[in-house]
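Undergrad: The following feature annotations were taken from TrEMBL:
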type     : residues : note
TRANSMEM : 12-38    : transmembrane segment
TRANSMEM : 65-90    : transmembrane segment
TRANSMEM : 120-142  : transmembrane segment
TRANSMEM : 157-177  : transmembrane segment
DOMAIN   : 166-288  : domain 'Fatty acid hydroxylase'
TRANSMEM : 228-249  : transmembrane segment
Amino acid sequence: VACSQEEKLWDAVKITACVLGTGLLIFTALVNSLSWYVQTIWNASGHFWQTAWLKFYYQFEGKEWTIFLLGTALVPSLAFWCFNGILMVADVTGKPTFITRYRIQLGKNDPVDTKKLRQAIYTALGNLFFISLPMLVPMFYIMKWWGNTFNKELPTFQWFLVDLSIFTLIEEILFYYTHRLVHLPLLYKHIHKKHHEWTAPIGVVSIYAHPVEHIFSNTLPVMTGPMIMGSHIVSIAAWFSLALIVTSISHCGYHLPFLPSPEFHDFHHLKFNQCYGVLGVLDYLHGTDTVFKQTKAYQRHRVLLSLTPLSESIPEEPKRAE
């Protein structure tokens, strides 16, 4: 029996590696075909960005730790709190209706419990200052060892896209498996249950977690890609900011027009044992999205390209009378 389980596990790992590797190659090929057109636009503004970067670099010349801290801590934090500040106004006041009419779980957080919200904010700030910030110290020395992070020349647009592709792939693998790990009964009870106090999440809840979970499931999956690639500080700043905004969107509780769909992760908070990943690739391979695929939430799991809320265009089935 043990041998059979090991074979199944090994087969799953091989399939995962094959699918993700193929997906990365296809994605890179598509990027190469599209990037030529985008590069034309990028080149028009490339001189401006390169000049701006050099001005910034010489302003802090010799102060690599300061540059690193600004790129990995200050810029992503500003992106996170500015974005979530707008969402929290909507959560607390119910306005503007342009945001609140796109609520996913109707009737929930309408308005949000301010006591729970304060607790989430304090925890999020604690995780950023006392966990994420200290973790940047070893990362800084790893990046210095690579020797490319503080280069005077910005990475090319194509290489920036390659970086983002690899960062995303690594995050998907690490987040999926660490996330499933903390759903084991013992770890869930003592660690992950804190995050799931919010069955209808809001944006700031994306980093409302036990310290152990914040290290292994929130922070390391995002940091690992840049450390492996030895990426430029500008790429790292963009990636950290993007990762924080995307996870905020996934938790925000609103399916807003023209933004990535949060239905996948919102369903995870609602049902607990579905939709563990970010992209959904590993959930498909491991069958942890089967219940999700049978729901209206799955039908709504797409980018909204109109101003009509999907809760109206794809409403829930009316409940049958008992």
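Quick reminder: no glycine exception, Cβ is built from N, Cα and C everywhere.
Where the annotation comes from TrEMBL, it is an automatic prediction and has not been curated.
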Undergrad: For the transmembrane segment (228-249), name the stretch out of 65-90, 120-142, 157-177 with the most CB-CB pairs under 8 Å.
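TA: Answer is 65-90, with the largest number of Cβ pairs below 8 Å.
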Undergrad: Per DSSP, what is the helix/strand/coil residue tally across the domain 'Fatty acid hydroxylase' (166-288)?
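TA: Breakdown, helix to coil: 86 helix, 1 strand, 36 coil.
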